[in-house]
Structure formats: C-alpha cells, structure tokens
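Features as listed in TrEMBL:
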- 318-329: compositional bias 'Basic and acidic residues' (COMPBIAS)
- 318-348: region 'Disordered' (REGION)
- 29-53: transmembrane segment (TRANSMEM)
- 65-89: transmembrane segment (TRANSMEM)
- 95-119: transmembrane segment (TRANSMEM)
- 131-153: transmembrane segment (TRANSMEM)
- 165-182: transmembrane segment (TRANSMEM)
- 194-214: transmembrane segment (TRANSMEM)
- 226-245: transmembrane segment (TRANSMEM)
- 290-311: transmembrane segment (TRANSMEM)
Amino acid sequence: MNDPNSCVDNATVCSGASCVVPESNFNNILSVVLSTVLTILLALVMFSMGCNVEIKKFLGHIKRPWGICVGFLCQFGIMPLTGFILSVAFDILPLQAVVVLIIGCCPGGTASNILAYWVDGDMDLSVSMTTCSTLLALGMMPLCLLIYTKMWVDSGSIVIPYDNIGTSLVALVVPVSIGMFVNHKWPQKAKIILKIGSIAGAILIVLIAVVGGILYQSSWIIAPKLWIIGTIFPVAGYSLGFLLARIAGLPWYRCRTVAFETGMQNTQLCSTIVQLSFTPEELNVVFTFPLIYSIFQLAFAAIFLGFYVAYKKCHGKNKAETPESKENGTEPESSFYKANGGFQPDEK
C-alpha cells in the first residue's frame, strides 16, 4: 500500500506530507485543440453555406436591395440595440454584456435558411440576407461593439480584443466567398459539400457543449439573469424583425423570412469568436451564453413553426401566398410595397 503521508511521484518539492505538484497542462492543450478544431469545422460550415448561394440570384437582390436593407437594419440595428438594452436592464457583468452584443451582431446561419423554407418564406432572400450579413459582419460587429461598449471601456471595466475578433471574422468570411465560387463553377459538387457542411454544423454544436463543459466547468454555474436574457433575446429578434418587415411593406412570406433571419443567429460563429478572443479565465464567465441562446432560439423557432403549420391546416394557405401566386406576381401589396416596387427582386 502507498504511504498516505508520502508525496506523489511527480511532486517537485516535498516536505513531509506537504507537496508542490506541477500545474497540469492538460487544459491548456485541450483549449488549443478546441480552438483549432472549432476554426476548421466552422470554416467548413461557412464554406458549405457559400455553396448554397447562387451568384445570379444573389446579385438580383443586390440590384434591388429593399429586402436586404430591411434585413440589414434588423440584423445590425435591432439586435445589437436589444442586446445592449437587456444587458443594462439586468445589470450583468461587462464581459457578459460583450458576449450578448457579439450574439446580437452575428449573422444568421444555415438554420435560418431551413426555417425560411419550412414556413414558405423567400428562400432567395433568406440566403442573400445570410450571405450579406456574414460579409458585412466583418465591419459591423467591431463597429457595434465600439458604440455599445463605450460606457464599460471608458470606465476601464473591459478591454475589447478587436484584433482577435477581426482575425476570426476575416478567416471565416473567406470560405463563404470560395463556396459561392464553387457553386457557380461546379453546382453538383456544391450540393454534396452542403450536406457535409450540415453534418459538420451538428458536430460543431455538440463539440462546443461537451469540450467546453470540460474546459470551463465553472461557467455552467449560470446566473439567472443570463437565462432570462437568453430567453427574451431570440423572441425579441423574431418579433421585432417581423414587425419591422411588415412596417416596411414587405409581403407576409418575406416578413416571416426576415423574422427568422433576425432572431436565428449563427451561435457556432459566436462560440468560435468567443473561444478565440478571450482568456480561459474570462471564458469561465461567458462561455455558456451562446449555448443558452442557441437552446431558446431553436425552442421558440419550433413553437412559431408549429403555430404556422397549425394555421395552414386550420385555415389553408392564403391564395396570395402560394408559390404559384408568387410566380404570377399576385402578392398582396401595401402602398409602401408599391412605392418601393423598384427595390424588389425580380419574381420568376
């Protein structure tokens, strides 16, 4: 039997039963491995997202950008402002507020495109909004952080790692552009890549939850305030996005599209940016919030989708919103919609 009073084999200093053991390097190695794997997997996800973009349709929305403009205002106007208001209202830690704002500035992911399809939305607009918000996040995320974190930065409470955030965004915007090119040149291969990217996205979520839970165990002791913010934030995004789109005169099916593009954030991107930008000590405070947001954005999306499916079954589709009527150009038009008809993408 081992002597309970003796030191362990790897102790460097021993004095009776008192030992000094070298600090384990396991967590540091695991953190580096996690950062590397997250970057590779997310690059694959973003590459596959680019493979879903048809350049011709994308340019059509750019030429008549009313829907894109409304989505831009929702994505980089409503969401960061909502995140800031919630952070101040619940008086969370400045570092936690930064992560809430990063979530608010993140573009939509492929999940929003799938949901737009399920609610009979405008798929071309959905994919174009996701692509534009991903590309524009390169400048808009640092700008929003600069504006909304000024009160904490000026007081010396936090230091924003703009260089790390910028590097992460540049590294992840490039795969989207390459994916668009691949889809343009080899559309059949792009479909295969899109399926692989969907699987990679699922693996990424599981990996973030499992390995992050091992690395940052204390981060799972979550303040009730963060749970409340994580619940309110996606609901506010869906609701305000739909409302603003309707005020802007967009037809109902595009309102649903904008709503999901606004509230459904790319939480994998947020988790990767947070992992690459902050120290392990800081991650213990903030790492779980993107996962909380992800849980509730999916939960409320499922509820809204259920309501929509139930509505269709009870009342049937509005004839003005069937795919056939869209093709024939018989969408319901508000006066604002007519006034801005030139901004609308060409209908097939």
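Including glycine, each Cβ sits where the backbone N, Cα and C put it.
Any TrEMBL annotation is an automated prediction that lacks curation.
What you see is a predicted model, and the numbers here were worked out from it, not measured in a lab.
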Q) Which of 65-89, 95-119, 131-153, 165-182, 290-311 shares the most C-beta pairs under 8 angstroms with the transmembrane segment (226-245)? A) 65-89
Q: Please give the sequence-distant neighbours of the transmembrane segment (131-153): residues at least 6 beyond its ends with Cβ less than 8 Å from one of its Cβ atoms.
A: 46, 49-50, 53, 58, 62, 68, 71-72, 75-76, 80-81, 83-84, 94, 97-98, 101-102, 104-108, 159-160, 162, 165-166, 169-170, 172-173, 176-177, 180, 261, 266
Q. What else in the chain is close to the transmembrane segment (290-311), if you only count residues 6 or more beyond its ends and a Cβ gap under 8 Å?
A. 99, 103, 111, 115, 118-119, 205, 208-209, 212, 222, 226-227, 230-231, 233-235, 237-238, 256, 259-260, 263-265, 267, 270-271, 274
Q) Excluding the flanking five residues on each side, which residues at least 6 beyond the ends of the transmembrane segment (165-182) place their CB within less than 8 Å of a CB in that stretch? A) 39, 42-44, 46-53, 55, 58, 102, 131, 134-135, 137-138, 141-142, 145, 189-190, 193, 269, 272-273, 276-277
